[in-house]
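Read through the structure below, which is laid out as structure tokens, and then see the notes.
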Amino acid sequence: MVTGETLVDSQKSLINNDTLLNEKLKEDFEENVSIDVKIHEELRRALPDYEESGFQRFTWHIKSWHELDRRAVSPQFAVGSRQFKITYFPQGTLQSAGFTSIFLEYIPSEEEKLSNKYGCCCQFAFVISNPRKPSLSVANSAHCRFSPEIVDWGFTQFAELKKLLCRQAPDVPPIVEDGALLLTAYVRILKDPTGVLWHSFNDYDSKIATGYVGLKNQGATCYMNSLLQSLYIIHAFRRIVYQIPTDSPQGKDSIAYALQRCFYNLQFMNEPVSTTELTKSFGWDSLDSFMQHDVQEFNRVLQDNLERSMRDTKVENALTNLFVGKMKSYIACVNVNFESARSEDYWDIQLNVKGMKNLEDSFRSYIQVETLEGDNCYFADTYGFQEAKKGVIFESFPPILHLQLKRFEYDFERDMMIKINDRYEFPLEFDAKAFLSPEADQSQNCEYVLYGVLVHSGDLHNGHYYALLKTEKDGPWYKYDDTRVTRATLREVLEENYGGDYIMHPPFRSPVKLKRFMSAYMLLYLRKDKLDELMNPVSADEIPEHLKEALNPSIQLAELRRKERLESHLYTKVQLITPEFYSEHHEFDIADFGNAYKEETIPQFRIKKEAKFSEFIPIVAEKLGYPQECMRFWYVVKRHNCTVRVESPVNELNSTMEEVKNVWNSQGEILRLYLEITPENELSSSLTHQNTGEWNAFIFVKYFDRKSQEISGCGTLHVNKSDEIRSICPLLCERANLPKNTPLNIYEEIKPGMVDFLRLEKTFTQSELSTGDIICFEPCRPSALEDDIVNSGFDSALKLYDFLSNKVLVLFRPRFIDQDSIIEFEMLLDRRIKYDDLCIELGQKLGIGADHIRLTTCNPLTYSAGMVVPNDSNITLYEILYSSEEEMPSNVIFYETMDVSLSDLDRKRLVRLRWLVDGLANIELVEAYINKSGDINDLFGAVCERFPDSDLRKKKVRVYEVFESRYHRDLSLRTLIRTINPAATLVGEVVPLDQLQLYPEEKIVQVHHFHKDIARIHGIPFSFVIKPQEKFIDTKLRLAARTQYPESIFSVIKFCVVDFDNNRVVYLNDEDITYDVVEKLNGTLALDRAKKDSKKPNILDRAIQMKN
């Protein structure tokens, strides 16, 4: 038995019935009220920033828990104007055995059901408690946006059954006592000022919701998208961009024209806008679009480029007037009348975040005066060294003020860039006059209003950028996150982007301190007295006509496609294979439905689902130019063997398009048909597409032309299945323009990899040919004119079919980009081709011998180079493509052209030696192919060839082996190459003079490199002489000479003695005796330094360039 009541009902019943108000009930009532207040407060504290539009507590009295069905539903209850009910699974759902499950279900109103677009934002808590002692309970909370997609929400594992049914202590009853429990729901309805609170965005349309559209992300261009949107919303900037002359042929290739097109599309399109054309105008390739860059740097490069486009035009200096202010750097002497000052323009201001509380602190720090005194005095002309004041002061502020917050800084302790996530506040409005020079024009307005916050979310190496922007003078805020634009609250603009820590208060749990990973890094302020000018909307009349003429058709086409997508559920899509299309088809089946590119070439129709098929016929006739009386339609279906063939004629003329589609394809979205064109007298008299009378089978015909080396569609035939196959030979010869009595080979195309030869004396029935089957014919013998073609191509349809079933399109890419070769190319190959033949074809393509090509497989997940393909003539192309352990193959193979043949390579080994030319500051890599039976002396010969002017043969040289940056052993010139571990690094040098003539007690040690932790060893170790009684200050001078590191690197190195075996480190002071510390520790010298000198340049670290 179950009953339910709301908070109001229960309180009224207790208060109005005086006879029940004994002391026990008073206590229960007070305890219940206390719990209700506490839970309501817990919920509000968890989401304090959302305004509540309704709250209700509903208690469901369950008196016989063990008798409940597997799924029980509570009475319906109201929260304000909204209706809810509870769905309870006492023994849990199928996925939550051992738990009890509870869900809150929203009941939409009739109006909401009709609109099918609604959202109800709720925060709720469930409490299961003991009816006699409500404090014995278990609770949990959640929040959800109820919508047509999500009608219920809750907990599959709300509580363990043993926690409900068992005593937690001998004197404590279970929560479910004698089968009774109270299941209480506390439901808060929250206002949704933005319309997207907890939205799934599955059916979200930015244009409809906000009036604005986003920008597509090309991979890592979110930083660019956020900046472009912040510039676009400033109407004055947009107006200037439109006024740049771009109507000349040269102008249409410019960045300015691409930006105009981008802005125009943002203004008038209803879908997210692509930036591909814009980045192409920058001269960027696909790699550039996957590189994260600094927004400030990108902004400056873009503005510089636009300024160049504005020279000698009516908008020259327009950007300067918008974005540029002036500041003065000065040094003023305290005791004499002397000042050195320089005024300069600025486009943005970089403000410190670390150690600052807010924007005002940063500005005060920026203009803080530094005193130059003592050893740091300023040298003034004619006055000598003087005490002085040094600083920066602003002389003017621009109408548009970009403030760059320095969220990314270099940490010298950790020797790396880090993100500063400290809390940093910025206001909606501020007055910059306090930071203006006293000598500047004090009448200028310096009040600014916040119009943009550009945000970085994440850490230094894995982040995302988006923007919060105010698009109108008195309008709301919007969040621009790539393709999506949504309304935003002031809290999202300010508090959520201050950074720092915040306290989360999950209901029924302890508070949790969390760190925000999103923080503002650029602020856009507009000067208050210029708002009307800056935000005056750009009208269509202000846009150049050539831009409208160029873009309006594409916008209209995009809108048409968008409308089609939105209305696609109302239409049936028809793919109609015509005789013309079939005659141009050169693959298996009657069309290639598995190839998206080729599928687009099939004639397409879009017809309302409710339309009759008889209404579809005249539409086809008009579009394709066929007479209706000669048209017969056939269903095209997928057979069990995965081929696509005609099945039967369409007889359902009075059925709807949806009904016709469902005859053979109830699950698919596309109706596929074949259109037969037949003379009127061959159609059935009723013209209602009845079955074809005495013609028992409708056969498709293909012809193999040896001259063109193609199989093509050659029409269709209605045949009597009792006729012999030879009966159609004259007609086939006529269609192929062959002599009437030409002997023919005829095959049945069953499926890829299965083509059968047909015996002409057999009937169609005996050959099991029926409607939709495909036959292919060819002359039995090639003609004299075809002999040369046959010798270099396919001499029969069977061989071409065999190739078609095994062909694969392979993309060949160079293994190393810097090779002087074709960047990449495609080849259509037989997957059974052997390795040697594959290399021959590649060699012909590349103009190089086949034995000078080495192939490498491709990882299908990362598209990076995998394993080198062994030089094995038995390996097939199929085995190379499927060589990865992943189930999916890759159609990419990497190649490299070799200086030596692969056969020589089998006898030789590529050996790499790092030659110390000038200490460790100049290391050259020497590579040589050495016979596997050779020795180090052969390798040394390659070094001498590399450095012919060094006269190395007359000098004492050393070659040594290094493993994982640790010295291993010296190698003599007679050391055999085959004895050297391929994983070792070989290092060579001319032996320093001080190591050739050691004094008594001097010794040579190996010096290693590490960074902070000796486990982080790196670099190339080197030999060094340590001397008795020598202080480290002198040792350091010799180390500088030995390494030849520049001062910028050597000055930051920390020197120490390391015992790697016992993990001990002793850092050296200038007065230490180096020799004694090494002997005492039984260790070696080491340099604690960052791994910079050996770091390869990262292509992702390169500066922004706009090459156009």
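A Cβ is built for glycine as well, from the same backbone N, Cα and C atoms used for every other residue.
So that you can see what the record holds, here are the features copied from Swiss-Prot:
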| type | residues | note |
| --- | --- | --- |
| DOMAIN | 55-187 | domain 'MATH' |
| ACT_SITE | CYS120 | active site, nucleophile |
| DOMAIN | 213-528 | domain 'USP' |
| ACT_SITE | CYS222 | active site, nucleophile |
| ACT_SITE | HIS464 | active site, proton acceptor |
Practice task
Quick one: average pLDDT across the domain 'MATH' (55-187), no decimals.
Solution key: 91
Fill in the blank from the handout: Here the 10 Å Cβ neighbour count for HIS464 (active site, proton acceptor) comes out at 18
Exercise for the section: Measuring Cα to Cα, tell me the gap between CYS222 (active site, nucleophile) and the residue listed as 'active site, proton acceptor' in whole angstrom. Expected result: 7
Exercise for the section: Report the same-chain neighbours of CYS120 (active site, nucleophile): residues 6+ apart in sequence with Cβ closer than 8 Å to its Cβ, ordered by sequence. Expected result: ARG82, TYR106, ARG145, PHE146, SER147, ILE189
Completion exercise
The number of other Cβ atoms within 10 Å of the Cβ of CYS222 (active site, nucleophile), counted over all protein chains shown, is 22
Exercise for the section: Count the residues of the domain 'MATH' (55-187) that DSSP assigns to helix (H, G, I), to strand (E, B) and to coil, and report the three numbers in that order. Expected result: 14 helix, 70 strand, 49 coil
Fill in the blank from the handout: Once DSSP output is merged into helix, strand and coil, CYS222 (active site, nucleophile) belongs to helix
